[in-house]
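Take a look at the structure below.
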Amino acid sequence: MRSDVARLRCGETIPLLGMGTYCPQKDRESTISAVHQAIKIGYRHFDTAKIYGSEEALGTALGQAISYGTVQRDDLFVTSKLWSSDHHDPISALIQTLKTMGLDYLDNYLVHWPIKLKPGVSEPIPKEDEFEKDLGIEETWQGMERCLEMGLCRSIGVSNFSSKKIFDLLDFASVSPSVNQVEMHPLWRQRKLRKVCEENNIHVSGYSPLGGPGNCWGSTAVIEHPIIKSIALKHNATPAQVALRWGMSKGASVIVKSFNGARMIENKRALEIKLDDQDLSLIDHLEEWKIMRGDFLVNQTTSPYKSIQQLWDNEI
């Protein structure tokens with residue numbers, strides 16, 4: 001098998017380098033343009049979500065590229081995510097996503113967060129009265145399994161699930177998740193979760209592999225870290241390339257978002273870097289710091305999670 005892909009439990013292959021399409025400005029034209037650039041550079045793995053507001057733009061760009069003959073649908077790996085207010089009906093939500101994107105199927109459909117919001121909530125940060133009391137993950141997962149049976153997607157998975165939540169899901173799942181997409185970078189290495197996922201044949205996909213610089217909640221701490229910079233200097237690489245290569249060296253796919261052509265090329269060259277044991281050991285000893293904490297899903301009254309520790313099951 002090629003070194004730039006991983007095989008999922010369902011038999012699908014997932015490219016290790018993915019392009020994220022979350023855009024705070026929800027700028028349709030720049031998203032379409034960036035996706036066309038990415039395809040020309042060689043990206044084949046694209047990540048979106050209903051709540052990102054980029055499904056339509058990504059779908060338009062992919063449809064155009066397919067119709068131009070630039071790429072074939074079978075060569076693409078497309079992920080989207082079930083928003084928390086659609087947990088009561090994943091099938092309808094995915095049918096709407098496919099309609100929005102102009103696709104017949106997704107390669108990967110993920111439960112975005114382990115939380116259930118009231119139907120119709122369309123903002124990423126829910127208000128206090130918009131939480132459902134029960135998580136209802138078992139019923140939600142049954143809907144996800146049905147999406148798979150209906151051929152609406154090729155694989156199903158989760159996002160932002162702790163080790164405990166993975167074990168809880170495996171207790172009742174008829175179809176185990178193929179993917180768990182979580183924050184993962186040299187300053188948040190997910191050692192325990194990666195081990196649990198590996199033992200259960202669940203692929204880890206890392207979002208914010210550079211620490212999310214440029215996002216309102218993100219940080220430049222990863223790419224500005226002196227150790228990461230020194231490893232980059234040693235390999236005649238950039239700190240971003242080192243961070244991305246580190247994630248891939250752990251068997252994870254990495255979802256990196258840049259709409260800048262030069263940066264896209266730089267990020268893709270991470271595939272060419274080889275980190276040695278000394279590099280990996282230095283990174284393994286860095287202080288850890290979770291950047292996307294999910295505080296917006298925690299409150300003392302209506303959320304099932306009364307603390308950050310409860311949300312992440314003490315894995316933070």
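Glycine too: its Cβ is placed from the backbone N, Cα and C atoms.
TrEMBL labels come from automatic prediction, so no person has curated them.
Pulled from TrEMBL, these are the features on record:
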type     : residues : note
ACT_SITE : Tyr52    : active site, proton donor
BINDING  : His112   : substrate binding site
DOMAIN   : 18-287   : domain 'NADP-dependent oxidoreductase'
SITE     : Lys81    : site 'Lowers pKa of active site Tyr'
The number of other Cβ atoms within 10 Å of the Cβ of the residue listed as 'active site, proton donor', counted over all protein chains shown, is 23
Which whole number is the mean pLDDT over the domain 'NADP-dependent oxidoreductase' (18-287)? 96
